[in-house]
Structures are given as structure tokens and as C-alpha cells.
Amino acid sequence: MKTLVILVALVAGLSAMAIPKQKSGVFTVEMKSIPSLRAKLIKAGKWQKVLADLHTKASGSQPFIDYYDDFYLANVTTGTPPQTFTIVPDTGSSNYWIIDANKCTNQACQGYPDSGYTKHRFDSTKSSTFKNLGTPFSIQYGSGSCDGSLAVDVLSFAGLSYATQTFGLASSIADVFGYQPIDGIMGLGWPALAVDNVVPPIQNLLPTLDKPLFTVWLDRKVQMSTGGNGGLITYGALDTMNCDPTFNYVTLSSKTYWQFAVDSFSVGTYSIAKSQQVISDTGTSWLGGPQNGINDIVQATNAQYDDINQIYTVPCTQTGLPDIVFTIGGMKYNIPATEYVLDLGLGGGNCAITAFDFDFGGFGPQWILGDTFIRTYCNAYDVGGGRIGFSKAHHTSV
């Protein structure tokens, strides 16, 4: 019997969630969550300094600022005996990396005091199963980067274990990661996206799963983050307790990111009535889109740009805001204002619009459907079928 595994994701929110009853072949792991770092730094008057650091120290990269608010994180272990780390389960990348305790010793590797989080770093000298490959690796993300060498050791989470996972042991990480409450990233993307041709963890674990897929459900955060459980990653099956039982699928257009086509985009009276390439990315908190699409959202909501915090805002009490609508496979997927308007404690009665403009360049995707979309619709990542499915997410709060 292959294994069905359910991994509880971490989210900035206190909403209750439904966890399937424990039974043979099903494993559930409940974890804590991390409050919104951006909200915390804004309240302390330190967010502007972080923005300045992002623009001056993340050389050559556009600062998406995508991990700061709705941190959906998970615990994993590496080594023998196991050492525990808090990572981002990221469908927008394919490598697993953590911080090297012996070589990554600057302040970013330890965690900046403003973050309120002390990093957990991997001590290879304390693992009897560790093997250093000595191959250099370097990964550049939309915001941040890391460098180090490749190694092999045991990777375990939620009752699953793979004895010889190749991973990155980071001897250097970008300053932006020093502000974030994470010890690394675990990519859930496709092998073609992996740096140095490393086999991603999900590919190694496929033979142990009931079905070659995983489902992501993210619960809704209604108020500014205070911490708490709020999501599930279900490995090996569809989550029919937290999601509608019927998933509607579209075939992937590229097996790098989880990339597919949308038929159209609209918000209020504004629309882009043409097919565009998008990706589903659990590692991005907000919606990323082309300038004209973001301009449509701004005009339809009458949002104002906050120059200090570099985000678009609307009054928190504003009503009648239109849905953001993506048509995928002929079906409309509406994102209501309750999902795309976020209270970050900005003051003045203002809330953030969780959308940002970006340019992948060339023939890359035009939109990133981050956690704002995934909270509204469960995403089923069908590795075996080369497709992605969507189902309405269930929430206990409104």
C-alpha cells in the first residue's frame, strides 16, 4: 500500500481548519504559524529600512516582497539524528536548501533581530548519514538568493522519508532572507526548473504516494496576522474535506513552474480578453501581474499608491469592491475582496491590495497566482497527469 500523507501548512492566521481523522496510511502533522513580518515591521516603523535594504542589496533582482505577509510554512527534518527546520513549501521552485551552521555565520544566516526569529542551521558534523558532494550551487529567486555546496542526507516530513535527498547547504544567503522567519525553501516544482539537475523531493517521494499528486488548501486570514494554524498540504490524494469534491483540471503548458493558460482576466468593467500564461506559486503571498492588469485592479478599486510602504491601498471599510476574475478552462474563478484586501496595520484606516506588478521578460508567464488565489481555490498539483486542478476552498470564517 502506497502512502497518503497530509502536511499541515503554516499560515499567518488563527482560523480553525478541518483535519481528517487519523487512519491507516494517513499521517497528519499540525504546526504553528508565523505572524506577518511586514505588519510587525510597519508597526515598529522599520519597514522602510527593510525596503531600502531590498533595493540596494538584492542585486540584479526585482524585489517581489512576496514572503512577508501570509507565510505558509512547514517543518521538515534533515540528518541522523533529525534536525528540524522551518521551510517554505514552494511550487515556484524545485530545489531544497537549508543554512549551513558551520559556514553561514553572518547576521542574515542567524536572523536579524527585527525579524524576531532565530534561524535553525544544519550542523553536518552531527549527522551520521551526511555526505558532502562538494559541488557548488547558486540559486536566484525573485527576491533573494543563496549560495553554497550540494550535499546528500535524509529528508523527512509528515511521516515520509527519503534517505538520499540531494540538497543545498547554504554558506551565504541574501539579506532579505535574514528578515524572514524561514530556515530554507523546499521546492515543489518540476525537475526542469531545478538548479544543477537535482531531483526535487516530490519526485523522489512519488513512489510512496497513493496517487502522484498533492493538494494545497490555505485557510483564510481575516484579521492582521497573530499566528495560528491555517492550511494543509495533502500528499497522495485530493483534500475533499477542506475543498469541494469536484476539481476542474487544465493541462500544463510548461513542466517547469506549475504553468498553464488563463482564457481572460477581468475586474469590474476592466478586462484583458486574451489568453495569458500564469503560474500557481505557493511561495508568493500575493497576485503578481503585468502592469496593465495591475492598473485595471487599481482603477476598479480606486486604490491609492502608498509611496512609503510601496503598496496599493484602499480604506479598510470600503464596500462594493469588485471580484478579480480569472477564466481558466472556460470556467470563471472569482477572487473576492475578502481575499485580496489585507489589513497590515498601516494606520489611517487603510488596507493593502494584495497585488503587485512584475515583468518575467521574454516568453515567461504574465501572472503569478499566489496565496491570494490559492486561499480562494484549492490547487491540486497532478504530477502524474501533468495538469493542475482547482476546487472551491472551504473556510470557517468569512
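Cβ from N, Cα, C; glycine included.
The model shown is predicted, which means the values in this text are computed figures rather than measured ones.
Feature annotation from TrEMBL assigns active site to D90 (among others). Long-range Cβ proximity for D90 (active site), meaning a same-chain Cβ under 8 A and a gap of 6 or more residues, is found for I185, M186, G187, L188, G189, D281, T282, G283.
According to TrEMBL, the active site annotation covers D281 (among others). Around D281 (active site), a 10 Å sphere centred on its CB holds 29 further CB atoms from the protein chains shown.
TrEMBL lists 72-391 with the feature domain 'Peptidase A1'. Mean model confidence of the domain 'Peptidase A1' (72-391) amounts to 92 (pLDDT, 0 to 100 scale).
The signal peptide feature in TrEMBL is assigned to 1-16.
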